[in-house]
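Only one structure is covered here, and it is reproduced in the block below.
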Amino acid sequence: MATENTSLFQRDLVLEAGKQAFIKLNPARMYRNPVMFTVEIGTFIMLGVCLWILAGEQSQGTFGYNVLVFAVLLLTLLFANFAEGIAEARGKAQADSLRKTREETPARRVAAGDTLLSNNPTQISSSQLRKGDRFLCEAGDLIATDGEIVEGLATIDESAITGESAPVIREADGDKSSVTGGTKVLSDRILVEVTTQPGESFLDKMIALVEGASRQKTPNEIALTILLAGFTLVFILVTVTLKPFADFANTPITIAAFISLFVCLIPTTIGGLLSAIGIAGMDRALRANVITKSGRAVETAGDIDVLLLDKTGTITVGNRKATNFYPAPGVLDGRFREVLLLSSWSDNTPEGKSIVELAREQSAADSSGQEAPREAPVGMTFIKFTAQTRSSGVDMPDGNNGTTRIRKGASDAMRDMVEKSGHVFPGEMMDRVNEISGNGGTPLVVAVNEEVVGVIELQDIIKPGIRERFDRLRKMGVKTVMVTGDNPLTAKYIAGKAGVDDYIAEAKPEDKLEYIRREQQSGKLVAMMGDGTNDAPALAQADVGVAMNSGTQAAKEAGNMVDLDNDPTKLIEIVEIGKQLLMTRGTLTTFSIANDVAKYFAIVPALFIVAIPSLQGLNIMRLHSPESAILSAVIFNAIIIPILIPLALKGVSYKPIGASALLRQNLLKYGLGGIALPFLGIKIIDLLVSMVL
Amino acid sequence: MDTQIFGIAVMYLLVVLLAIPLGRYIGKVFDYESTWLDKFFDPLDRLIFQLSGIDPRPAMSWQQSLVALLVINGWWLVISMLVLTTMGWMPLNPDGNPSMPFDLAFNTTISFVTNTNLQHYSGESALSYLGQMILMLWQFISAGTGMAIAAVVFKAMKEGLNPSLGNFYSLLVRSCTRILLPLAIVTATILAFEGVPMTFEGKGTMTTVQGETVAVSRGPAAAFVAIKQLGTNGGGFFGVNSSHPLENPTYLTNIVEDVGLFLIPIAMVFALGFMLKRRKLALTIFGVMTLGFLMLVVPAVLSELGGNPALSKLGVTQSVGSMEGKEVRLGPAASAYWAINTTVTSNGSVNAMHDSMTPLTVLTTLLGMMINCFYGGVGVGFLNFYIFIILAVFISGLMVGRTPELLGRKIEANEMKIAMGIALLHPFLILAGTALSSYLYAENPAELAGWLNNPGYHGFSELLYEFTSASANNGSGLEGLGDNTPFWNYATGLVMLLARYLPIIGPVAIAGQLAAKKYIPESEGTLRVDTGTFGILIFAVILIIASLSFFPALTLGPLAEYFSLYRS
């Protein structure tokens, strides 16, 4: 807690915010916030009253009292401005630390048509790079600016951005072709094309948002501002009409009392903290290493009904592994393992590697079996996996001038192949395939010369703790959907095991888009995470699209957030940040309005008590005098703003306990608390004030 | 138990017991489900539509419904002005009463067409029977207007995308013929049997115990009184309303009239539950309204039963309670109970002199009208409540971290704008009107001396009450106010007009716009609006918006009077 607090109010941030508090007094800036703008008008009026008294006016009370009221009102404004200032300063500091990584770095620009092997690059500074320029990076270089690899492959240390020390591989023509300015190339050589103009990167956009220059109010903020403006209008009406009422009752009321009544009643607490809350929301996203392109996206995240998650990497750990081999009837274990080893010899996919691994393991354990071959047979050609054949394998000479064709692949594709060549797919193997699928595994059918020789079982490993996270989401009212290329049986099994609510099996990018559209048509808000170019349409269609920083430029352009950590479970955090943002606004609004009850009981008796002494009965707090009562109320009103700044910046904590329970809890805490606290606070301040007066 | 308290408990229980089946019936009428009364009313409705040449079948949009409502109300205003300013020369005028001057006709016309029934005249001497009958017609159709437009909002709240809002004309006619008419016939019959006159003859004569002969006004009162109560109208046939022995002759008629006053406003809440198939929502709304009602009625009844401390100081014993301005046959408890009933429902009929009530009763009657949705007027009471639901949904949605939604539709800036504007209107009209009149009075005390019978806090309460009553479309008066002057006639006329139509347009626009939005099925994250917690929140929003804005004004009126009378 202590460290949190020190980081909340760092010395230099406080100084900057303090300076901003005065700069923001400029009415031209102030008018954007109707509540605080009316306070500013009130402050000016009080300044006028003070001067008027100096000029000899007698009916407005003592000069000291009026100056005090003026000073407290001014303080109210400064506190509110300070709140906004500190939120901005924190956001900027966070963004600056990210931006530092991409200050002036040398870049080696090459001419437009040059390739990776170009040897006459021009040495320039990163700030001179323009969109479309290409530059070379080698091991040891800092990447000058954001871009996309057009040629080559490299390992890159992205710890400056993500804090993750393990290097990552980035290569051209894939879904992981993006590089970020400030990260370091560890090996190899790449040719990068600049994708953003200087000053227009996502980070730059985010900094501009935080600084308020381009910060648009979100729809929800607009609706809340209307509510607050409405409350302000009501109390303008109450205060203005009080003048003829008081004249009718022959009870003169001073200007200071009018202004104080008004300022205390309008929702200054939330009005003063509103923009700080919004900025802090984006800042919290940034701290989670998520760059948001608009404040609106964060807010929308809190409303998400449906979450689309990729299976691999999010729900399951990395990749599938071979767990069992099932040879066809009549095929010996040893022979089957040999076929498997051959089939996966040149297969560098994680699945392929795991097959080789398991085959070697089993050979070693099986003393009676053949020794597994250690060298690749001569003349073997590797057949790559393609989306059309959905199988891979090898072709090798059989010794009789023919070719032995070993293939492994998805059961339906293999079945097609086997049956087309006139062979029978053994029923026993089909049962095995279904059994494996039913258990959540992925069956790979292996055939030699179009005859089935056995089935490999691949299994997914579900991430520990993921089930609890989905339960948490379900309690928030968020439906989780697993997206996977697996067949429906496997998908269903994993979905059940991981506890997701729905799944899209054998998913193609269009399926995602279709699913999102369908959910949106029924009024739901959908979030998804993606990285590939073919995810771009779905990212754009989703209400919250989070692109991975490692993803392609197209994906990053399409989404409205970029996750620097490339962490697929980040969506869950983003939803909570969005909810926190809304809740902080809601609870502080409630608190602010609930405060009015006590303030009424402080000020209204003070207004009339001199002329109507029997109204002492309304002075239930037994405040010392009308002046002390009014001062106590405005002082309470002012100091509650800085007291609540930490809450505004950190946000109200969200617990997924169901909407009604959450409402009950917050209503008790901020509603009832909002009624009770000012009674106590005003009474204490009154005791102090009456000692001084 | 005290028989006075027992009497009012019976009345409340009776109302609730009758309101549940009536709510079911109203739901059926608005949903066009068949009832056994159809065979009487189907031909009647057909006749009405054949005569008017209106096709009652096509579904209307919310805009079309509002236009229909405003145009038809506009015509009623014109017709009413014509009748009231010419009735002196027209038939059905056995007592030879004169036509109304323009300003009074303006006020009376608006008053009756807007379902307010603020009366700056006494029926005995200011209206012919034709005038009374045209006003009685407005009492039917203005109440029907409120119910029909509430039905449009109920329909808009139904599940699914773009639910049909029905045909406003058809709903209006059904409200009048199938709901108000049968209830009015039953009520009027009971009243007539208990001695309320129902005749077109002019004044009768009577010999008093002292042997003097006096002329007694009469007329078609039983019919008038029945709809006055049922349609939350409140305009009396006679000047002193239901405290007149011929308008409310016995304790039994008092029960019938009081039950009639409360019946439809409560039944409308149940009708909502039946129509939306959300019984729990209806119970939540009913619970909030009842809680508010109890908070007003308990202090009022206790205060009246406690008597007047000023009289106690003089050594007068007040064993039954404060009897000033009350009818002996009814007593203080039934009078205070009626006073709260009539102010929370925007009815405005009275069975005692509100000006003579103790300060706490004046305070609670004022609050009843300022809040104006603890049951509220027929139909429109729910529309007022709807605004508070919108505001409460917005605040609570934010508190649970979700863009607020009401019954599956998102509430956004546009709805908030309308809701806040309507929530502001009522305080604006009341405070601005009272401010203007108190300013004028304070500036010209000599010239305007005729305005107020009472100086000081009570005088201020009289000004405040008059504008509150006009803005709540209530119609009762604290009296003691010389209100038949051009200033009061025009000022309150204008207030009634604005306070009637804007709070209809606003909620209908919100409900209509929401109905056209995407319908989001409920999930675990959805905040339910039919829970006790949400009920408490609505209650808090109502108290804070509707009563806090009046706190300073109430302090200078009834509160100052209370503390001066009781605490010094």
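From the backbone N, Cα and C atoms, a Cβ is placed for every residue, glycine too.
Annotation comment: TrEMBL describes B:6-26 (among others) as transmembrane segment.
With a threshold of 8 Å between CB atoms, the same-chain residues lying at least 6 positions outside the transmembrane segment (B:66-90) that come near it are 60, 96-100, 102, 105-106, 108-110, 112-113, 127-128, 130-131, 134-135, 138, 141-142, 145, 148-149, 168-169, 172, 501, 504-505, 508-509. Taken from TrEMBL, the feature transmembrane segment applies to B:66-90 (among others).
Positions annotated as transmembrane segment by TrEMBL: B:129-154 (among others).
Using a Cβ-Cβ cut-off under 8 Å and counting only residues 6 or more beyond its ends in the same chain, the transmembrane segment (B:175-193) has close neighbours at 25-26, 29, 35, 37, 41, 44-45, 48, 140-141, 143-145, 147-148, 151, 222-223, 225-227, 229-231, 253, 256-257, 260, 263-264. What TrEMBL lists as transmembrane segment is B:175-193 (among others).
Remote same-chain residues near the transmembrane segment (B:259-276) are listed as 11-12, 14-16, 18-20, 22-24, 26-28, 30-31, 143, 147, 150, 154-155, 157-159, 179-180, 183, 187, 226, 229-232, 282-283, 285-286, 289, 338, 341-342, 345, 347, 349, 375-379, 381-382, 407 (criterion: CB distance under 8 Å, separation of at least six residues from the stretch ends). What TrEMBL records for B:259-276 (among others) is transmembrane segment.
Within the chain carrying the transmembrane segment (B:283-302), a Cβ under 8 angstroms from the stretch's Cβ atoms is held by residues 5, 8, 266, 269-270, 272-273, 332-333, 336-337, 339-341, 343-344, 357, 360-361, 363-365, 367-368, 371, 373-375, 382, 385, 529-532, 534-535, 538-539, 542, all 6 or more beyond its ends. Under the heading transmembrane segment, TrEMBL lists B:283-302 (among others).
Look at TrEMBL and you will find B:374-400 (among others) tagged as transmembrane segment. Sequence-distant contacts of the transmembrane segment (B:374-400), counting only residues of its own chain at least 6 positions beyond either end whose CB sits under 8 Å from a CB of the stretch, comprise 115, 143, 145-151, 153, 231-232, 262, 264-266, 268-269, 272, 285, 289-290, 292-293, 296, 344-347, 368, 406, 411, 415-416, 419-420, 422-423, 473, 500, 503-504, 506-508, 510-511, 525, 527, 529, 534, 537-538, 540-542, 545-546.
Proximity of distant same-chain residues to the transmembrane segment (B:421-442), defined by a Cβ-Cβ separation under 8 Å and at least 6 residues beyond the stretch ends, is recorded for 370, 372, 387-388, 391, 448, 451-452, 460, 463-464, 466-468, 470-472, 487, 491-492, 495, 498-499, 502-503, 506-507, 545-546, 549-550, 553. The feature transmembrane segment is assigned by TrEMBL to B:421-442 (among others).
As annotated by TrEMBL, transmembrane segment applies to B:487-511 (among others).
For B:532-554 (among others), the entry in TrEMBL reads transmembrane segment.
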Interface-richest range of B:6-26, B:487-511, B:532-554 toward the transmembrane segment (B:129-154), CB pairs under 8 Å: B:487-511
Folded-back contacts onto the transmembrane segment (B:532-554), same chain, C-beta under 8 angstroms, at least six residues removed: 284-285, 287-288, 291-292, 363, 366-367, 370-373, 385, 388-389, 391-392, 395-396, 423, 426-427, 430-431, 434, 464
For the transmembrane segment (B:6-26), distant same-chain residues with Cβ under 8 A (at least six beyond the ends): 35, 147, 179, 251, 255, 258-259, 262-264, 266-271, 273-274, 282, 301, 331, 333-334, 337
